[in-house]
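Participant: Can you keep this structure in mind? I'll have questions shortly.
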Amino acid sequence: MMSTRTFGETIEEYEVQHLLGKGGFASVYKARCLHSHQDVAIKMIDKKLIQGTGLTSRVRQEVEIHSRLKHPSVLQLYTFFQDVNYVYLVLELAHNGELQRYMKQHLLRPFTESEGATILRQVVAGLLYLHSHNIMHRDISLSNLLLSKEMHIKIADFGLATQLKRPDERHMTMCGTPNYISPEVVSRLSHGLPADVWSVGCMLYTLLVGRPPFETEGVESTLNKVVMSEFMMPSHLSFEAQDLIHKLLKKSPHERITLEQVLRHPFLKRTVGGSSYSTTPGALNEFSQSLASSDSGIVTFASSDSRKSHRLRSVDNSSGQSMPQIMEEYLPSSNLGYDSKEHRPIYEQHGSYLPTPGDQLENRDAKWPGTNNLAPFTSDSDMIPSPVGEKRLLMPPLETKRLQPTRYKTKNAIMSILRTGEVVLEFVKFKVKYNEDRITDICRISEDGRRIIIYQPDPGRGLPIREHPPDPLIPSENCVYNYENLPNKHWKKYVYAARFVGLVKSKTPKITFFSSLGKCQLMETMTDFEVRFYSGAKLLKSSTDGVKVFNSNGAVLSDNGCAEARNLIDHGNECFSHCVNISNALELAQTKENTCFPVTIGRRPAADMHAGQRFDGLRDTTNFAYSTPKSNQGSINFSVSTISTTRSASDYNSNTPRLNMLAAHQNVPIKRITVPEIGIVTELSHGVVQVQFYDGSMVSVIPKVQGGGITYTQANGLSTHFGNNDDLPFAVRDRINQMPQLQMKLKCAPLLGNARSVDCHLMTPKTTTPFYNRMII
């Protein structure tokens, strides 16, 4: 039996037939072994070409990895040898060619969900086998999936595969097929086994839809779409299919579904009935009827360390045989242990398979090993050395999870957090030629803080300032960095962005808790905390300013040791600990798919609410009592070197009698007009002018005696107060520009009926106050 399965060790022992495919440094031929009379595919690699292009190590690695593998879903490498001119790989012949060509030329339609599930199960089984041996394929695509004579799926082309030392090892090389490459690979971030999971998601989408999810006419535009991870999901796909694709194509590799979980997903259980991988002939017979038997080969391209590597693989069906030696130049036996029989893989001696992942599923962790803490990449031939050597940023990567979109302008930069969580810094310089400020540098940072893109838009001229950041652009791969290798000349930009994110976090509630005495809010920083007592007092705790206590009149209590302050601080400390415990408990309860934050616990006691303040649903400015804030959080002085909050005590102490008089009277509407295409303008008895815009946002202009400035409330209910000497965001500035004409119209409006009993001396003169900038979320 052994003699009938023996493969030749020289090219003369094969009858070489027609060409299947040709690449830059190799050709693939159909051939027949003269000993076993079996059809095979022979890949002939030109030694001179690979030596000239520096790809000798890549060929060595391909042979080293592929020769060890034996699995029903992996194309088998039978043997390899060489002569003076060529390295020869004798491969299993896939009679029915590549899956991509079969779908386009024979099936002439996308696969059904049942067919797609059958293919998916076989691919996942093969990848689990590879991953169980810490082998990352890095180029899973329909062109690299071949069909045997019995229509079984065969994973082929290990030209980009790499052997990891451990499952959580990370590499940095940018390689793969553009339509199937993962965001972390495009961004040159450290990546590992989850990169293959992303490719499986692209594969499944392509099978069911007929085209890749991020396909465009150009490679650069395709890679840009991959980085943004934005694709259209066809509505005709079932819920199970859509759910699985979304889980496979999660932008963050930590959030992607694992291959083990794919096998348990309802999409496979529903369409394949949860049965195990089938090795019986005709596993894909439901779509094989239209197949005309053909031999196939293909040539593909891959970018590896900026070099174009022409790769191809053969296109069937046999069992393995002994692995002969190859010249040390290409396959060092000291590393692989092929110099003697006892050092060869066990399946070569006994004809048995290496343990398949299916045998190990019950003992495998459902999560990717080691992905909670990404290890810094180490130096090897696949990794890009860090330009900064041993120096690293001293701050951890920023993170914008759960932060609302916002845009903030300083003197030299415009900072934004987008709906996707991406942070965008637009650095501004005055251009004399255009007589205006122009955007000269752009820094885009991913939501997890690990991918950074820095470039100059339209160098020399810059871009005009808009209400939103410029569209995403990657001018060249040299503009893309990751957290580990960011050059130190760009560190200040990263620090600037991180402090901006920290500022927004310090104003974004994570836990809202109603205690017996007040409304408590623990911010996303987990250190910033505030309590607004029902009595009107307030306690603020921040990592920069410590604890500040305000009494019911809005005045700062300078002596925190007095009885009044002590009681407020004690209650605040108790509530702070309670909120932290709630947060920790919910962190354990939440999953990748379902977050628990932000969360509101309890509600304000009914006895402490005025009748006019009890309302449900949307904000209705006519149905509750208006109140002017008696105190405001400090104004923000934002710079790259410091973020500080300041507030003068005199702001609270001056006009205190006046404030007390105003506080004694209900703040009710006295005038109201409706302005077409703008909204409803209301004047309150305390002098506040409010504009409720039709888009759901609201601007309140507060008179100087009340503290001055404006309060801007977004459509989602998030309020920001702007005070003295600060710039306004564009959205607020546009609305403020309309205020003078609205106030003029309001002056001509008659008083409302319920306003005639209000004492006239309590109404603030209608003067246009300057509009300044202070955040008080």
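Heads up, the Cβ atoms here are built off N, Cα and C, so glycines get one too.
This is the feature table in Swiss-Prot:
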{"type": "DOMAIN", "residues": "14-268", "note": "domain 'Protein kinase'"}
{"type": "BINDING", "residues": "Leu20, Gly21, Lys22, Gly23, Gly24, Phe25, Ala26, Ser27, Val28, Lys43", "note": "ATP binding site"}
{"type": "ACT_SITE", "residues": "Asp139", "note": "active site, proton acceptor"}
{"type": "DOMAIN", "residues": "508-611", "note": "domain 'Cryptic POLO box 2 (CPB2)'"}
Participant: Give me the CA-CA distance between Ala26 (ATP binding site) and the residue listed as 'active site, proton acceptor', in Å, as a whole number.
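Facilitator: Counting only the Cα atoms, the answer is 18 Å.
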Participant: Across the record's ATP-binding residues Leu20, Gly21, Lys22, Gly23, Gly24, Phe25, Ala26, Ser27, Val28, Lys43, the largest CA-CA distance in angstrom?
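Facilitator: Across Leu20, Gly21, Lys22, Gly23, Gly24, Phe25, Ala26, Ser27, Val28, Lys43, the widest Cα separation comes out at 14 Å.
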Participant: Measuring Cα to Cα, how many Å separate Leu20 (ATP binding site) from Asp139 (active site, proton acceptor)?
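Facilitator: Per the Cα atoms, Leu20 (ATP binding site) and Asp139 (active site, proton acceptor) stand 20 Å apart.
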Participant: With DSSP as the yardstick, break the domain 'Cryptic POLO box 2 (CPB2)' (508-611) down into helix, strand and coil residue counts.
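Facilitator: Each residue of the domain 'Cryptic POLO box 2 (CPB2)' (508-611) counted once, the result is 31 helix, 31 strand, 42 coil.
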Participant: Specify the count of other C-beta atoms within 10 Å of the C-beta of Val28 (ATP binding site).
Facilitator: 25
Participant: Can you check which residue among the binding-site residues Gly24, Ala26 has the largest number of Cβ atoms within 10 Å of its own?
Facilitator: Ala26
Participant: Pop the Cα-Cα gap between Gly24 (ATP binding site) and Asp139 (active site, proton acceptor) into the table, whole Å please.
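Facilitator: For Asp139 (active site, proton acceptor) versus Gly24 (ATP binding site), the Cα atoms are 18 Å apart.
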Participant: Tally every other Cβ atom lying within 10 Å of the Cβ atom of Leu20 (ATP binding site).
Facilitator: 25
Participant: What is the total of other Cβ atoms whose distance to the Cβ of Lys22 (ATP binding site) is within 10 Å?
Facilitator: 15
Participant: How would DSSP class Lys22 (ATP binding site) in three states?
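Facilitator: Once the DSSP labels are grouped into three classes, Lys22 (ATP binding site) ends up as strand.
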Participant: Averaged over the domain 'Protein kinase' (14-268), what pLDDT does the prediction give?
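Facilitator: A mean pLDDT of 88 is what the model gives the domain 'Protein kinase' (14-268).
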